[in-house]
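K.L.:
Handing you this structure, nothing more for now.
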Amino acid sequence: METPPPQQGMVKKKETRGRKPKPKDEKKEEHTKTPKEGKKTQHQQQPSVDEKYSQWKSLVPVLYDWLANHNLVWPSLSCRWGPQLEQATYKNRQRLYLSEQTDGSVPNTLVIANCEVVKPRVAAAEHISQFNEEARSPFVKKFKTIIHPGEVNRIRELPQNSKIVATHTDSPDVLVWDVESQPNRHAVLGATNSRPDLILTGHQDNAEFALAMCPTEPYVLSGGKDRTVVLWSIEDHITSAATDSKSSGSIVKPNSKSGEGSDKTADGPSVGPRGIYSGHEDTVEDVTFCPSSAQEFCSVGDDSCLILWDARVGSSPVVKVERAHNADLHCVDWNPHDNNLILTGSADNSVRLFDRRNLATNGIGSPIHKFEGHKAAVLCVQWSPDKSSVFGSSAEDGLLNIWDYEKVGKKMEQSGKSLSSPPGLFFQHAGHRDKVVDFHWNAYDPWTIVSVSDDCESTGGGGTLQIWRMSDLIYRPEEEVLAELEKFKSHVVACASKAEK
């Protein structure tokens, strides 16, 4: 059954996050169901998901420098890059964090994988589009499995040492894992849960999605259904070596054995909050730290609010934007290159760019720009580490859009003719056939992204993980690209004239 179109004004988001997952192999029978006749005529003009996907796949050799497609038996609601392990001539090896959200027939897991990231201009164009959607990628290998107490909704790594990760599940607690010291487990029905290295307490109700780790200090931030934002310091619980990413430091576990635990996660040491911040009137959906300060952070929620906080001035909002969007807010990110710029994504299908110096007019959000290129709720936004004006947004429409806000003005100037694409949009990754629930830019390999889709709607179960890098001809300066193409053209002409002689 299709969801009816949203009404004007405040729109409530679809409850897609809490449904029961299905394994990938159930999809055959579901996928062959014929649509109702009424629907067929209604959408005659629109190409189907499969048609759009086939069109995208035919363009892969032109649009991408490299792409790896990895079929997931169970959906993963999060994907994150871990530390780089090794650099070689043609590819680098790096940790990748995923999860398996199961239906209970096997345990939910946190997965640590090793990923081979092919370097720029190495992969042959004809090879990168020759992949089988049903197969696992040779570039992604499972390295370790942690049996997680409950499904993993969100994974975030500690920037100072990405071997330490925090996870959210359907509970009030945040679980912290030292993934290198955790033992590898065999995920079979009835197996006991792995024991988290730390349990962060302080929420009074489930905290399922809003989670962030601080770039400057070992601080963790979370938001939940209790409408609060909670801050913890884990500084006293990790060795000084653990905050140095080059070392093999770990979490100190007083009087506890790491590894297999009972079903009660309370067996791990717990840490109380450093601060609890109240100001939202509904579930907090996402949180993020100011890149230059552990004391400043912001949050967004189902109350359509964007709130800025400063731990130095108390537990009340510093600035509260009452109507940042016309619907629930799902995601927020703070620009690591410019502390004034904050991105938000919403169930109103848009991404908005705010300047913290001028967030609202009479309590209503006054964004610098609204980016409108999605046809469904935006689930994730993230600034690029490679260029200060570039960011990505992923949504329930199955698209991952790459934007450059510097191109907005230029596009407007040239808009004598009607715009073929929304201002600022310069690349659209259409390799997923269902909602793109998470993505992460790679800090070690420029312009490289990992993205994951939950394929319950399109193929009946499982998920798809893709690691990809667009062609550098798309994002490099125009003059540079034209000069290179001219040189290439001269080379082709010279070769052709030699062949004729």
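Numbers here mean position along the shown chain, with the first residue as 1.
Using N, Cα and C of the backbone, Cβ positions are placed for all residues, glycine too.
Note: TrEMBL annotation is automatic and uncurated.
Checked TrEMBL, it gives:
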| type | residues | note |
| --- | --- | --- |
| REGION | 1-52 | region 'Disordered' |
| COMPBIAS | 23-40 | compositional bias 'Basic and acidic residues' |
| DOMAIN | 51-118 | domain 'Histone-binding protein RBBP4-like N-terminal' |
| COMPBIAS | 243-259 | compositional bias 'Polar residues' |
| REGION | 243-278 | region 'Disordered' |
| REPEAT | 277-319 | repeat 'WD' |
| REPEAT | 322-355 | repeat 'WD' |
| REPEAT | 371-406 | repeat 'WD' |
K.L.:
Using Cβ atoms and a strict cutoff of less than 8 Å, what residues sit near the repeat 'WD' (371-406) while being 6 or more residues removed from its termini?
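P.N.:
Beyond its ends, the repeat 'WD' (371-406) has Cβ neighbours at 13-14, 16, 49, 327, 330-338, 343-353, 421-430, 432-441, 443, 446-447, 449, 451, 453, 458, 470, 475.
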K.L.:
Who are the chain neighbours of the repeat 'WD' (277-319) in space, where the CB to CB distance is under 8 Å and they lie at least 6 residues beyond its ends?
P.N.:
10, 13, 207, 209-217, 219, 221-225, 227-231, 325-336, 339, 342, 344, 346, 354, 356, 359-360, 365
K.L.:
What counts of helix, strand and coil residues does DSSP assign across the repeat 'WD' (371-406)?
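P.N.:
Helix, strand and coil residues of the repeat 'WD' (371-406) number 1 helix, 18 strand, 17 coil.
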K.L.:
How do the residues of the repeat 'WD' (277-319) split into helix, strand and coil according to DSSP?
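P.N.:
Taking the repeat 'WD' (277-319) as a whole: 3 helix, 24 strand, 16 coil.
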K.L.:
Per DSSP, what is the helix/strand/coil residue tally across the repeat 'WD' (322-355)?
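P.N.:
Its residues fall into 0 helix, 19 strand, 15 coil.
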K.L.:
How does the domain 'Histone-binding protein RBBP4-like N-terminal' (51-118) divide up by DSSP, counting helix, then strand, then coil residues?
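P.N.:
Here the numbers are 13 helix, 37 strand, 18 coil.
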